[in-house]
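Engineer: Would you mind keeping the following structure in view while I ask a few things?
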Amino acid sequence: MPIFRNARFEVSIAKSGALPPPEGAEIAFAGRSNAGKSSAINTLADHTRLAFVSKTPGRTQLINFFRLDCGAVLVDLPGYGYAKVPENIRRQWQGLLEHYLRKRENLIGLVLIMDSRHPLTPLDRQMIDWFVPGGRPIHVLLTKCDKLSRNEAAATLASVRREVAALGPQISVQLFSSLKKIGMEEVEHKVAGWLGLPSDDLPAIPTPAQLRAAGK
C-alpha cells in the first residue's frame, strides 16, 4: 500500500517549545510558498484536504504532524518566502524552521518542494544549507512539471541535478505533478528506502517508455 495513504492528523504547533515528543521517524515536507507543497501532500495521501491549500500563499503558519500507517510521521512545514507576510512573522517562521531542521533528532529526511519553473531560489538554498550538515537525505520534487514541455522538463531536471550535486551527495531530484500525478511512485520508493520499508507492495516506477505511451 502507498506509504502516505490514510495519513491521520495528529497536532499543529507554532513554536519550537511545543514540538511533540519524538515518536517515530519523521519525514518533513518543505517548500517556498505557492510551490505546490500542500497539493503534493494531498496527492500523495490521496486526500483532497489533508494539507490546507490556501489561495493566499504564506498563510500556512504552523508545523502540522500526520501519522502514517507504517508508524512514521509526515511533517508539513510552513511555506516560506512570501513577500506579503509581515516581517515579524517571517522571522518567527525562519526560527521555527531552522530549529526543527537542525535539532529534531528523529527527522530522517526532507522532501523539498520547488516549482520546476523557478527552482533553487535563494530560500531553497537556505533550506538545503540548514539541512545538509546533518548528513540526512534530501529529495527534491520539481513540481508543476506538467506546465513545461517534455524537453524543458528534462533540461530543468538535468540542470538542478548538476547544481545540487555540488551541495551534497545525499540530495536527489525528480519531476512531479500533482495535477497529472506524475512522479508519485518515485517519491514512494524514495521514502520507503529512508524508512527501511520493503517496496514490494508499492507501485512500480514507470519506465520512460511507459510514460511516453501514457502521454506524460
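Cβ coordinates are placed from backbone N, Cα and C, and glycine is handled just like the others.
So Swiss-Prot has the following annotated:
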| type | residues | note |
| --- | --- | --- |
| DOMAIN | 23-197 | domain 'EngB-type G' |
| BINDING | 31-38, 58-62, 76-79, 143-146, 176-178 | GTP binding site |
| BINDING | Ser38, Thr60 | Mg(2+) binding site |
Engineer: Near the Cβ of Lys144 (GTP binding site), how many other Cβ atoms are there if near means within 10 Å?
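Structural biologist: I get 25 for this one.
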Engineer: Whole-number Å distance between the CA of Lys144 (GTP binding site) and the CA of Ser38 (Mg(2+) binding site)?
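Structural biologist: Per the Cα atoms, Lys144 (GTP binding site) and Ser38 (Mg(2+) binding site) stand 12 Å apart.
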Engineer: Just going by other Cβ atoms within 10 Å, which of the binding-site residues Gly31, Pro78 has the emptiest spot?
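Structural biologist: Relative to the other binding-site residues in Gly31, Pro78, Pro78 has the fewest Cβ atoms within 10 Å.
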Engineer: Measuring Cα to Cα, how many Å separate Ser38 (Mg(2+) binding site) from Gly31 (GTP binding site)?
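Structural biologist: Distance between the two Cα atoms comes out at 9 Å.
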Engineer: Measure the Cβ-based neighbour count of Leu62 (GTP binding site), defined as the other Cβ atoms within 10 Å of its Cβ.
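Structural biologist: 17, counting other Cβ atoms within 10 Å of Leu62 (GTP binding site).
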Engineer: Can you tell which of the binding-site residues (Asn34, Ser38) has the fewest other C-beta atoms within 10 angstroms of its C-beta?
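Structural biologist: Ranked by other Cβ atoms within 10 Å, the binding-site residues Asn34, Ser38 bottom out at Asn34.
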